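Report on the following structure.
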Ligand SMILES: Nc1ncnc2c1ncn2[C@@H]1O[C@H](COP(=O)(O)OP(=O)(O)OP(=O)(O)O)[C@@H](O)[C@H]1O
Ligand SMILES: [Mg+2]
């Protein structure tokens, strides 16, 4: 009987706390839980392979090794300053501070590049549909350039911008720009004719049709396109950084490769994965705030 | 205003169609004749119902009169002007719901006013008034995807009314509603129509609806759509659907339509066979 009441006292507040959470935060917690379970499962398999001797710790160090000594890995996150001649290797920020600076630098390049690409390409896409002459002048070239791999633009980035932030940002912009223009145009062509016709029967001018119907109508799809391209910009920025933009995660990967340091490679990969995940989360939140009228679609497929 | 001797019609008429033809995708292998040689006059304040088999070009005719598409032959006038572009004087209510999903209900209703730069307070007042006429003031601040299909269509009606059009073009606006709501909407439409003095051109598949609403019923042939007959209905409203006159009209319209629907089906089957 006393055991009963102890159990009751223990479990009641906990159940209460879970019940008191709003459905939304409960769903968020559940999502985080599944995320941890998913990553944990793969990490567990990896650890198991290591424990039975299949995975060689020198080539494929399991998570407990490459995450085991973070300060040790952080040593390699030299900011540009510390590589400069005449600067003592121990000068500059602490190792963890260096990781922070590196991560911030790379993320900044991704988001600035993404922002510039989004604004430029949506603007140009809308202008192309608005002015037929502009379409005839620019669309063939844009279509021609869109399949060119971003890697081919790397030398151009270095010729034009040397080293520093500019070439990395340029790479992100150029990697996204052309096909985001094309996708803006196809979104415009897909806008429900009736919505445009309603505005026209109410006396809307061409400018009003574009500003009040077409742009709000394409926004949801464009944000999805942006989210999909987020991952592409992470990839491109790493390529740009690995060729000597200064400092950044790409440079660390390059360093790890050149010094044959698998622990550092996996540590950096884990970091990049986490950053990609977090930035997708940020964009998803942005999407929810901005596109209040788009219903959340995931529920439709549940229970099939 | 007297009639202009150079115009082939009275400039007092709400809509005048002369020799209207429309071929979609003309000059391409997919050319498709939807309308042929349609002559139709709609007097001010008249309620005209278009009745015809599916695909005979009823929506097409409304698009032409609204000025959203150009006819391939013939001419259309509305009051003093030739129709070449859309105008707020001619409101079209579409067959499919067409509310802006990113705007609240009242903003949808007052969209046309915001185009003209009317201040917000006045817009809200007009929207409230128009929505009260369709019984949806409560839903004013909701978003369209929170409404049922029938409610959305009523919002579309309110939106058209808020423009105070002289000609109201309605493309099967009540087709998706249940019988009771539909009857209510018809009564309400007749009220609004009498108040506003607008002319109405109303497309429907429903013979009952045509008999309940029309001053004149225009029966179309199957595609290419031509006018087969025009049946005037000179009965006071509200009409008793079970009265002998209404029974007789329904029988007459059913007879007129039956042959056309059969022909439309035969044609579509033949098209399907040849691919
Ligand atoms: N935008 C378009 N482009 C090409 N063809 C069209 C277009 N709109 C309609 N048509 C064709 O014109 C014909 C008439 O179409 P319309 O929509 O006017 O018929 P409807 O009488 O309104 O039919 P329903 O009663 O089913 O709505 C159809 O054969 C259709 O295929
Ligand atoms: Mg139609």
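If you go along the chain as it appears here, the first residue is 1 and each next one adds 1.
From the backbone N, Cα and C atoms, a Cβ is placed for every residue, glycine too.
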Students should find that the transmembrane segment stretch in TrEMBL, chosen from A:74-94, A:263-283, is A:263-283
Checking A:4-23, A:144-163 against TrEMBL, the stretch recorded as transmembrane segment is A:144-163
Same-chain residues at least 6 beyond the ends of the transmembrane segment (A:209-228) with a Cβ under 8 Å from one of its Cβ atoms are 114, 118, 122, 126, 129-130, 180, 183-184, 187-188, 191-192, 195-196, 199-200, 280, 283-284, 286-287, 290-291, 294
- Query: For the transmembrane segment (A:144-163) against the transmembrane segment (A:28-52), do we get 3 or more Cβ-Cβ pairs below 8 Å once near-sequence pairs (under 6 apart) are dropped?
  - Reply: no
